[in-house]
Each structure stands twice: as C-alpha cells, then as structure tokens.
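Colleague: Could you have a look at this structure, given as structure tokens, before my questions?
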Amino acid sequence: MKISILSLFPELYETWIKHSIISNAIKNNQVIIEVIDFRLYTNDKHKKVDDYQYGGGAGMVLRIEPIVAAIRAIRSSNSYVILTTPKGQVFNQELANNFVSKYDHIIIIAGHYEGFDERINYYIDAQYSIGDFVLTGGELPSMVISDAVIRLLDGVISPSSLETESFNNYLLDYPVYTRPLVFEGHKVPDILLSGHHKNIADFRKQQQETITKKNRPDLYQKYLNNKK
C-alpha cells in the first residue's frame, strides 16, 4: 500500500510518521507514505496557492491548478483520490476496510483556508469527513484516515487484536483491566479472575452490547439488524 498526502504543511506529519506502529509499518515495507507540498506545483511566481472568492465572501479559496497538477504527477491506474472536507461522507471502519481490500494507492488531499475551488470534484473520486465538526485544516483528518487504513494492513497489528476491537461486528470494545486488583475501592470484576474462558467471553460480549447500546444506539441498531 502507498499513501500520498498533498498538503501545504508537510512538516506537521513528521512526528506521526516517525513513531510507533506507523514507523514500524514503514520500516517493514508494509506501507509507503509520501507527503507532498502541493505549493511546489504552482506556476505563481510568489508561490501563492489561494485566491479570493468569486461572488465575494469570507476566507481565501485554494486554487485548482496546483492541486490538479500534483494529482496528475503522482496518480496511477489504481489510485483512489480523496479530499478531506466537512462536507464529505463520514469516514468509518467499514470504509477503512474497503480501502485496504480495493486500493494499492490512496491519494489524500488535505484542505486549508476556506476550502477548495469546487471544480476539484472533477479530478477526485470522493470526499470524506471525520465527523460533524470543523478543523483548521485537513492535516489531522488525513492522518486519521491513513492511520485507520494502515493498521489494517497484513502484519501491522496482530489479527487477534483486530478481531476484538471497537466496530468489529458493529460493537464497541469491551472494558479491560490490569493490576492492581483493587484501586481506591474499585475492584476488577470477579469473573475475569475465574479462569473460565467461556464465561469470560460471554461477559465481555454482554459488556460490548451494553456499552454500544448506551453510547452508540445507531451502531447498536446495525448490530441487531446484522444478527437477523
């Protein structure tokens, strides 16, 4: 898998790439990540990539020429080009799984300022949001989407860990505990100390259902529908 990120601020990705699971995935050749400053593709002598809106309005708009030039420079036959924007479809675990199974190369365009010239839609495949809120730029969403995809690649995380995670089968993850056994009067549930594997598995499943029903009723309904 290769992930190309087009951003005006490539330095913001340095720490994310150099640490923990993402760094190991890169070292093990499980993923290639390139962060490209699309300012390099502008023909403006002052390296400007934004301009005022036609029709007036607050905020500057990203010009289309440098972004399209950058896309064309790196796009291949199996590239999937996406734009991070609050106007997009909300990204979720199911989409992350689809990305892994369908694409070898994902290009993520991280927005900034007031957004993109609307004509960018002729040159991309989809728009995605990471939630119903607005951020100062698309750098964090591009990292979130990339991270969610990379951890699903073969060998990046153990299969047993992925099987019990939140959103697997539309359920949130179960509670976990470690030492000490008792902390300020709060004790680890006795059933987890029983050594009875089936009872522990049943308890954890019940906890998943309870937590999902309380915190994510929309997800719980999908779980119920999937059981039918």
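Even glycines carry a Cβ here, placed using N, Cα and C.
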Colleague: Please pick, from Gly111, Gly155, the residue that Swiss-Prot records in the S-adenosyl-L-methionine site together with Ile130, Gly131, Asp132, Phe133, Val134, Leu135.
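Modeller: Candidate listed by Swiss-Prot for the same site: Gly111.
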Colleague: List nothing but the largest Cα to Cα distance in Å, as a whole number, among the residues Gly111, Ile130, Gly131, Asp132, Phe133, Val134, Leu135 that the record says bind S-adenosyl-L-methionine.
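Modeller: For the residues that bind S-adenosyl-L-methionine, the greatest Cα distance is 16 Å.
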